[in-house]
Amino acid sequence: MIDYLKMLRIGDWIKFYPLFPLAGALLAGGGADRVLLVLIAYLFLISYAFVVNNFFDADIDRQHRLKVASGKNPLAAGRVEERRVILMMLLLISIPLLLSLRLSTAGAVFVLINLVVMTAYSTSRIRLKERYLWDAASHGLMFGALPFLAGFLLCGGEVSRGIILISILLFIVGCEALIAHQIVDYAEDLGSTTTTVTRVGQKNGLLMLGGLAALSVVFALAASRLYQPSLAVAAASALYLVAYPTYSVRGMFNDISHRSRVERGGGDRGDPEVPCKSISGKRELRDSGSRWGFR
């Protein structure tokens, strides 16, 4: 039973992903009962996204000893049955669909679209996670814009210009999350899989991340002109939108700083230079609490 729960990888998403549908539900002014149902629906839907990812990654993960040892994919380690995992996915799908249909037809449509994108991201026939730019775009949709809009509509909200601006902002934040993840995992991914960052290179990936962060601030300012939050809230939001991507790839800046010191003679040349590639086993432990890009 424990291994089936591990398939959900709850620790990887519980602190971040539920916030977006919850924000939409609260912004729509939904009652406590509706907001709770939206939260429950998305807890199941996000769980499905991680289970289906593990399901289609099982064959790949079996080829990596450290990934098997980490226990993040019990299916790859042979500790759960494929048939039961399929049944688990069907259960995880059915609950949010039934709950959303009870709340709002329009909201249920967005939940269904969200489900389709989550599946297309991982399934072997489409595999958006390995397609140039589509990986980031689908990540921004399935964990940023779509959950927010679904939560908003499920609680009876009417879409306005401001809501569209916020959904675009959250789409950008979702894209940032994956690009940051790919930058950190660049050395591991290179030669073993295809991502946007392996296509453009790590330095260009950092430039892309910076551009997305700047764009997110622009949309945040546009939304703030409509909703007119307090100065403290606006400043905190802008600070977060800049600090979050910087913090996510902080290890890369440490590596660049180290190499610069060595090149200038300021470092100890007797010590081996530390490359950008991180040690997979330790990285899994470190990153689980510091970043939330989805693989």
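Using N, Cα and C of the backbone, Cβ positions are placed for all residues, glycine too.
Just so you know, TrEMBL annotations are computer predictions that nobody has curated.
The compositional bias 'Basic and acidic residues' annotation in TrEMBL covers 261-274.
Annotated region 'Disordered' per TrEMBL: 261-295, in sequence order.
Marked as transmembrane segment by TrEMBL: 12-29 (among others). Note on the transmembrane segment (12-29): residues 35, 38-39, 41-43, 46, 50, 72, 143-144, 147-157, 163, 166, 170, 288, 292, 294 of its chain, located 6 or more positions outside it, place their CB under 8 angstroms from a CB of the stretch.
Away from its own ends, the transmembrane segment (35-56) comes close to residues 7-10, 12-13, 17-18, 21-22, 24-26, 72-76, 82, 85-86, 88-89, 92-93, 95-96, 99-100, 102-103, 111, 114-115, 118-119, 121-124, 127, 129, 142-143, 147, 150-151, 154-155, 294-295 of its chain (Cβ-Cβ under 8 Å, at least six residues beyond either end). TrEMBL lists 35-56 (among others) with the feature transmembrane segment.
Remote same-chain partners of the transmembrane segment (85-116), defined as residues 6 or more beyond its termini with a Cβ less than 8 Å from a stretch Cβ, comprise 4, 7, 34, 37-38, 40-42, 44-45, 47-48, 51-52, 54-55, 75, 141-142, 146-147, 149-156. According to TrEMBL, the feature transmembrane segment maps to 85-116 (among others).
Taken from TrEMBL, the feature transmembrane segment applies to 136-155 (among others). Away from its own ends, the transmembrane segment (136-155) comes close to residues 17, 20-31, 34-35, 37-38, 41-42, 45-46, 49, 100, 103-104, 106-108, 110-111, 113-114, 117-118, 120-121, 128-129, 163, 166-168, 170-175, 177-179, 196, 293-294 of its chain (Cβ-Cβ under 8 Å, at least six residues beyond either end).
Here TrEMBL flags 162-184 (among others) as transmembrane segment.
The transmembrane segment annotation in TrEMBL covers 204-223 (among others). Residues 162, 165-166, 168-169, 172-173, 175-176, 179-180, 182-183, 186, 196-197, 234, 237-238, 241-242, 244-246, 249, 252 of the same chain sit 6 or more residues outside the transmembrane segment (204-223) yet have a Cβ under 8 Å from a Cβ within it.
Within the chain carrying the transmembrane segment (230-247), a Cβ under 8 angstroms from the stretch's Cβ atoms is held by residues 173, 176, 180, 209-210, 212-213, 216-217, 220-221, 224, 253, 290, all 6 or more beyond its ends. Marked as transmembrane segment by TrEMBL: 230-247 (among others).
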